[in-house]
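Below is one structure. I have some questions about it.
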Protein chains: 2
Amino acid sequence: MIHDQRFGLQRHVALPGPLLLDGGGRLSPVEIAYETYGALRPDGGNAVLVCHALTGDQHVASEHPRTGKPGWWTRMVGEGKPIDPSRHFVICANVLGSCMGSSGPASADPAGTGPYAMAFPVITIRDMVRAQAMLLDHLGVGTLAAVVGGSMGGMQALSWAATFPDRVRSCVVIASTARHSAQNIAFHEVGRQAIMADPKWRGGDYYAAGDQPAAGLAVARMAAHITYLSEAGLTEKFGRRLQARPDNPTGAKSFGFDADFQVESYLRHQGIQFVDRFDANSYLYITRALDYFDLAEEHGGRLADAFRGTATRFCLVSFDTDWLYPTAESRRIVQALNAAGAAASFVELSSPYGHDAFLLDTPGLYRVVDGFLKAAA
Amino acid sequence: MIHDQRFGLQRHVALPGPLLLDGGGRLSPVEIAYETYGALRPDGGNAVLVCHALTGDQHVASEHPRTGKPGWWTRMVGEGKPIDPSRHFVICANVLGSCMGSSGPASADPAGTGPYAMAFPVITIRDMVRAQAMLLDHLGVGTLAAVVGGSMGGMQALSWAATFPDRVRSCVVIASTARHSAQNIAFHEVGRQAIMADPKWRGGDYYAAGDQPAAGLAVARMAAHITYLSEAGLTEKFGRRLQARPDNPTGAKSFGFDADFQVESYLRHQGIQFVDRFDANSYLYITRALDYFDLAEEHGGRLADAFRGTATRFCLVSFDTDWLYPTAESRRIVQALNAAGAAASFVELSSPYGHDAFLLDTPGLYRVVDGFLKAAA
């Protein structure tokens, strides 16, 4: 445990490594910031690893030290919730490449005098998973009762099951995919270009100036944010409603370029908030890891071969309005699991919220995961 | 006719106006750059106005003077095509706010010493149409045999029918909508923010420096371009295929931030090409006009009231993979036309190309428009 003046008390470990990376490099040390909730049973059988999404963090069920907001998945993790610290030993680690304490581009480069910046190696989802396995070794956790994640967290869960099948008894994959599609890559590329086009990016070396490419990062977040919501959800939430402002109290069209529409104001707010809590280079690295993700490719091109002979039980959940990782992607995984003879349950839930449904008040979701975890235990 | 050294021979007229704008301002002079093909019959009954989309221009069926590319809709306009200069007097004008010779932010501000820049008034789709009506008056064209457009061109066609019902005998609206949705506005807002975040934008005053906010404009174009294609089309065209480069001849993952994937390379190319032919401020103004577009709102909130008592005949076409202006938007227009007692035909065509289908090799489209125009004549 360390005490960082900016972030308050948090768990952190610097493992010597080296971690051998898919890109060919080696990472040493491997710093991992994480949180745990509950206690490991003497038989070690109650560990649950929760994996976070692109811009998530280890604070799954406790206050975020920078924003002061509650944990990002308190609907899933907590007293009386599907993942319950009174029964489970819950672990959530900041992913490699991120900016909440785990090794990433903002970390000190042991070969240099400052942060890695773009000298940080490009990492993959599997590299993130391997770093988590090192953390579990450190914590004395052998086998996971479950690995659970939504979106990029679901990709890590799949990668866990494929990479360490003997260490995963059950695997919950929500609103996710086994590969990034051309459209997924395209949206991320827009975000990366927005960041790299910002003169403040300076080839990634903006840490000394203490002035990150906030404008570019905000645009990247805005573009991505559209993909997290459904068209119907946007229409319901904002439609074409206009935004009242101090200089425009009736919310009429301004015939100018201020945020006349509520949806414009909302998006700008999302962009501005995001840059206060996230590092632009981390956004580059993690989107790259997502775009590189193709589980079938890692197994000779056949997705089923990622799961041959596995004893892991799988639970997949998709949402009908999720157009980022639509139901067809989950179905494809289920078909591969079936072909591999793995035990898999799958449900498509109805939600107005699009991809973001996995984080929101989607009652069916928590019931499904609760039932699956109880049946698996 | 003028001769501009950059653009070669092109038709251009500066009308005194003033044009009274929806935003309350007045524009004078009203400059309009246009092209015509064919000849007006003595009875004046064969005029067809073609309206272009966001980044389109007047060169519908002749070479673009800057890019040297053929006209953007030679599948629709030309010898033996649905709109045929041997039968029709075809007119296509650069829209107000654009940058190909019609009045826009890059035009000289008569009240100042240089270009308008952001002093150019915010304009609407209806303002564009009113300017076109002034051009028709100048050309001696009373009634249009047809007004035809796709995407933003379709919005102009609808606005023509609603604003000047006595001057439009038939109206062809392709891959379009009667209003911009929250998601449509959101994507445009990302583009505008990308432009305005570019330090070279300088509040719009970049003309003297001769150095426009190309990086921001390219990002805006990339984001918009994704919405023009279908997810399935992107998958078919690019999938996850990697891009061979001189420094990476086998097209392997580089574990870096170059354009590894073909879709990244394609999008970057789209962005770079675009900034050579388009003005960033024009992009702001025209996207604003699109976002403001809501034909029902201009008619007391009931779309049918835009078409009460009209004698115009309508033809609507949508594409099943168009998620920018999906079929439901065309259906909504047809329902309003039916409620207004207007003659309307509607077809949804199947295409892998998404929104861009209206510009591409979509055989059904040209057959439908040909049949409609011949039946109307």
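Using the three backbone atoms N, Cα and C, a Cβ is placed for every residue, glycine included.
The domain 'AB hydrolase-1' feature in TrEMBL is assigned to B:46-360. Under the heading active site, nucleophile, TrEMBL lists B:Ser151. If you look up TrEMBL, you'll see B:Arg221, B:Asp356 marked as substrate binding site. Positions annotated as active site by TrEMBL: B:Asp322, B:His355.
Are these features on the surface or tucked inside, and what touches them?
Sequence-distant contacts of B:Ser151 (active site, nucleophile), defined by Cβ-Cβ distance under 8 angstroms and a gap of at least six in the same chain, are B:Ala53, B:Leu54, B:Ile174, B:Ala175, B:Ser176, B:Leu324, B:Tyr325, B:His355, B:Phe358. In the three-state DSSP classification, B:Ser151 (active site, nucleophile) falls within coil.
In the three-state DSSP scheme, B:Asp356 (substrate binding site) falls into the helix class.
Neighbour count (other Cβ atoms within 10 Å of the Cβ, all protein chains): 29 for B:Asp322 (active site).
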Whole-number answer please: how many Å between the C-alpha atoms of B:Asp322 (active site) and B:Asp356 (substrate binding site)?
8
Validating a neighbour-count step here. Other CB atoms within 10 A of the CB of B:Arg221 (substrate binding site): how many?
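Total other Cβ atoms inside 10 Å, all chains included: 23.
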Counting only residues 6+ apart in the same chain, whose Cβ is under 8 Å from the Cβ of B:Asp356 (substrate binding site)?
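Those within reach of B:Asp356 (substrate binding site), by Cβ under 8 Å and sequence separation of 6 or more, are B:Tyr228, B:Leu229.
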Could you tell me the mean pLDDT the prediction assigns to the domain 'AB hydrolase-1' (B:46-360)?
96
